[in-house]
Each structure stands twice: as C-alpha cells, then as structure tokens.
C-alpha cells in the first residue's frame with residue numbers, strides 16, 4: 001500500500017510540474033484544476049486527485065504533447081478505499097499517455113475515413129469497383145488488367161445510364177478513389193489491431209477497456225461488409241422512378257451511422273483514458289455542470305439525428321434539388337412531400353421530404369445549441385465548459401453556413417466534403433462537452449471546496 005501511495009504522489013508531482021510549465025510557456029488558455037494542501041488532510045488516508053483540461057484552442061492547434069500532459073488526471077487512492085477511481089489503463093501515466101495517443105489517432109483515422117468516403121461519393125466513384133474481397137486485392141497494374149476492370153464496369157447500370165462513353169483515364173480516376181477508400185479502411189484495421197495486441201501483452205489494458213475496444217473492433221470489421229452491402233445495391237438495375245443508379249439510402253445511412261458510432265466510441269474512450277476525472281475545482285462548479293448536462297444530452301441527440309438525416313439527403317441525391325434558400329423553389333413547403341405510399345416512405349425516399357426534414361432539423365439544432373448557450377451563460381461553471389459551449393455555438397453557425405452554401409452551389413465536392421466533416425466536428429464538440437460534464441468520483445467530490453479557489457489564465 002505504501003509503495004502505491006508513494007508512486008501516486010510521484011505521479012501527482014510530475015503532473016503539477018507539467019501544469020506549472022504550461023502556465024509559463026504556453027500562449028494559449030489553459031484550464032487547470034489545482035488541489036491545494038487545504039484540500040488534502042493526509043497523504044495516507046485521503047484521496048488525492050488532480051486534473052486538468054487543456055483549452056480548446058490548444059486542442060485545435062494540435063499541440064499533442066502538451067495536451068496529453070495537461071489533460072491527464074492523476075488519482076491517488078488507498079488500496080483499501082472502496083470509492084476509488086477505476087482507471088481504464090494500468091501501468092502509470094506513460095501507459096495512459098500512449099494508449100490515449102493510439103486511441104485519438106484511431107479516432108482521427110476514422111474521421112478521415114468519413115471525409116474520404118464523402119469525397120468518393122461526391123465524385124461518383126463508389127460504384128467503380130464491381131466486386132469485393134474480404135482479404136483485399138491488388139489494383140490493376142498492367143494495361144490488360146485495367147482493360148479487364150473497365151469491361152466489368154461497363155456491365156454495370158451506372159456506366160450504361162450515366163457514364164456511357166467514359167474513357168479509360170476517367171475510369172482510372174474513379175477506380176483509384178474507391179480503391180483508396182477501401183484500403184484506407186483496411187489500414188485502419190491494422191493500425192488499431194497491432195497496438196491493441198502490444199498493449200494487451202504489456203498488461204496496460206484493463207478488462208473493461210478490453211471489452212469496449214473489442215466491441216469497437218468488431219463494429220469496424222463489420223463496416224467492410226456494410227460498405228459492400230451498400231455498394232451492391234447501386235450495382236442493381238434501379239427502379240423505374242430513379243433516373244440513374246444510386247445506392248440504397250437506407251444502406252448508406254447504415255454505413256455512415258456505423259462510422260459515426262465507431263468514431264464516437266473511440267473518441268469517448270480516448271478521453272476517458274487520458275481524463276478519467278472531469279475538470280472540477282469546487283462543488284459549485286459540479287452543481288453547475290449537472291444543470292448544463294440536462295440540456296447537453298438532448299441537444300446531443302438532436303445533433304446526432306440531424307447528422308443521420310444528412311445521410312438520407314446524400315442517399316437520395318436530395319442536395320441537387322431545390323437549390324434555393326430559405327424557400328424550396330418558389331414555395332416554403334413543396335406540394336409533393338407526401339406523395340409516396342405508405343406515408344412513412346416519404347421521410348426516407350422522397351427527395352423533397354428528405355431535404356425539408358434536414359432543413360428543419362438543422363434549424364432545430366441551431367436553435368437548441370443557441371438556447372443551451374443562453375440558459376447557461378450566467379451559471380457558475382468551469383471555464384472549460386463555458387469555452388466548449390461557446391465553441392459549439394460557433395461551429396454550429398459554421399456548419400449551417402456550409403450547408404446553405406453547399407445547397408446554393410449545387411453540391412460541389414469541396415463544400416460537400418467540408419459539410420460532412422463539419423457534422424463530425426460538431427459531434428466531436430458535443431462529445432467533449434458531455435465528457436467534461438461527467439460527475440466526479442466520490443473521492444474527488446470529498447476533496448472539493450464549496451467555492452473554487454483557482455485562478456485561470
């Protein structure tokens with residue numbers, strides 16, 4: 001027990017020194033939580049907890065080393081305590097740091113996968129590869145191999161109805177786009193599995209974390225099957241009401257929603273590894289965070305639903321219809337929004353209804369996040385929470401602007417991709433906000449004063 005306490009005290013000292021260095025060397029705003037001697041009655045009988053949160057500006061600047069040092073939460077708890085914090089990673093601060101870097105890197109890889117998938121769709125490259133192999137395949141490397149692949153594509157409905165007359169060079173472009181998307185996904189599997197195996201062998205991964213990561217890995221492996229299931233729907237002859245082949249909007253929504261779920265799971269888990277405790281300086285701030293959380297949870301749900309509705313806009317190519325704003329053509333609400341039977345189909349397959357839904361949901365998201373900011377602006381809460389709420393409001397405004405610009409300019413690849421990336425960025429901010437609003441552990445709560453004593457710079 002004494003060895004554990006001594007080790008914990010050493011880790012606390014290192015964390016405090018790192019925070020002190022950050023105050024003198026960083027030009028960015030840093031939010032830290034300091035535990036003074038008055039907060040700790042005895043090193044052997046009371047839990048010691050220190051936590052810090054690096055400001056959003058520094059996060060966006062990409063100062064990874066500083067971020068992990070300042071976001072690390074160090075908890076020193078007696079082995080006999082039943083209220084101790086259960087860490088996801090064993091092996092000390094360095095193990096936490098490297099596991100956190102790996103998980104944040106994996107989340108960033110998934111983010112890039114989502115953006116690359118959007119570019120692949122917007123360049124109409126997704127149906128260029130007419131088969132799929134689980135183990136992967138080499139691209140065509142000879143003229144004969146390219147000719148063979150091109151002939152296979154010529155048998156597809158997309159070539160016959162949309163790209164008839166396409167030359168080989170144009171085909172190579174869309175083929176390479178789809179191939180890159182598939183290989184980037186397989187690369188993610190390797191990038192995730194190898195460090196996972198290493199950390200397991202080192203004994204850093206707890207059972208709880210291992211189960212979580214195994215579930216995410218299984219979901220990621222399933223993404224390949226979902227992706228091919230989606231592409232396969234676009235290789236079939238389209239129904240008569242479609243003028244050109246396209247993948248099923250339901251399958252596209254399933255593919256994108258699964259990708260979002262994997263990203264959110266990885267990002268949340270990474271935060272939990274490097275920041276086991278939320279930033280907390282006082283009981284007043286904890287109570288304020290609880291009030292914000294009551295608003296943040298439903299707002300997060302609205303953000304998620306709006307993002308998924310965007311998948312149906314993409315699946316129905318609805319962004320290339322009604323390219324006016326705020327009206328949809330000459331009217332506020334098109335006449336044909338309920339023309340399909342049964343009625344429910346309109347919300348997922350009717351171009352006019354799908355776009356109207358997305359407009360309404362986007363407006364609701366903007367109002368909801370603005371309302372959250374309004375009702376929390378005078379609350380006594382941690383500065384990190386205030387910064388995140390303000391950043392979320394700003395990102396929402398940017399995302400709405402991107403959406404309207406994409407619509408008015410008839411969905412160019414650049415704006416369409418930026419809009420999709422913006423949706424994931426907004427989800428990221430909501431995840432970060434909700435993670436920061438978690439209730440501290442009982443051991444940390446016991447050590448907190450009623451009112452914050454720390455100074456923030």
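Our numbering is plain: 1 for the first residue shown, then up by one each step along the chain.
Backbone N, Cα and C atoms are what each Cβ position is placed from, and that goes for glycine too.
Here Swiss-Prot flags 1-98, 277-294, 376-387, 434-457 as topological domain 'Mitochondrial matrix'. The transmembrane segment annotation in Swiss-Prot covers 99-119, 187-207, 211-231, 256-276, 295-315, 358-375, 388-408, 413-433 and is backed by sequence analysis. Taken from Swiss-Prot, the feature topological domain 'Mitochondrial intermembrane' covers 120-186, 232-255, 316-357, 409-412, and the record attributes it to similarity to another entry. Residues annotated as heme o binding site in Swiss-Prot, with similarity to another entry given as evidence: 181, 255. Taken from Swiss-Prot, the feature heme b binding site applies to 358, 419.
Taking the features listed in Swiss-Prot, we show where each one sits on the structure.
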| residue | record | CB count, 10 Å |
| --- | --- | --- |
| 181 | heme o binding site | 20 |
| 255 | heme o binding site | 22 |
| 358 | heme b binding site | 23 |
| 419 | heme b binding site | 24 |
Would the transmembrane segment (256-276) count as touching the transmembrane segment (99-119), if touching means at least three Cβ pairs under 8 Å and pairs must be 6 or more apart in sequence?
yes
So which residues does the transmembrane segment (211-231) touch in its own chain, when a touch means Cβ under 8 Å and the partner is 6 or more beyond its ends?
126-127, 129, 132, 134, 182, 185-186, 188-189, 192-193, 196, 205, 247-248, 251-252, 254-255, 258-259, 261-262, 265-266, 269
What does the structure give for the C-alpha distance between residue 358 (heme b binding site) and residue 255 (heme o binding site)? Integer Å is fine.
18
Taking contact to mean 3 or more CB pairs closer than 8 A (sequence separation of 6 or more), are the transmembrane segment (99-119) and the transmembrane segment (358-375) in contact?
no
Rounded to a whole number, how many Å is the Cα of residue 181 (heme o binding site) away from the Cα of residue 419 (heme b binding site)?
19
Helix-strand-coil residue split for the topological domain 'Mitochondrial matrix' (277-294), DSSP-based:
12 helix, 0 strand, 6 coil
Separation of alpha carbons, residue 419 (heme b binding site) and residue 255 (heme o binding site) (Å):
18
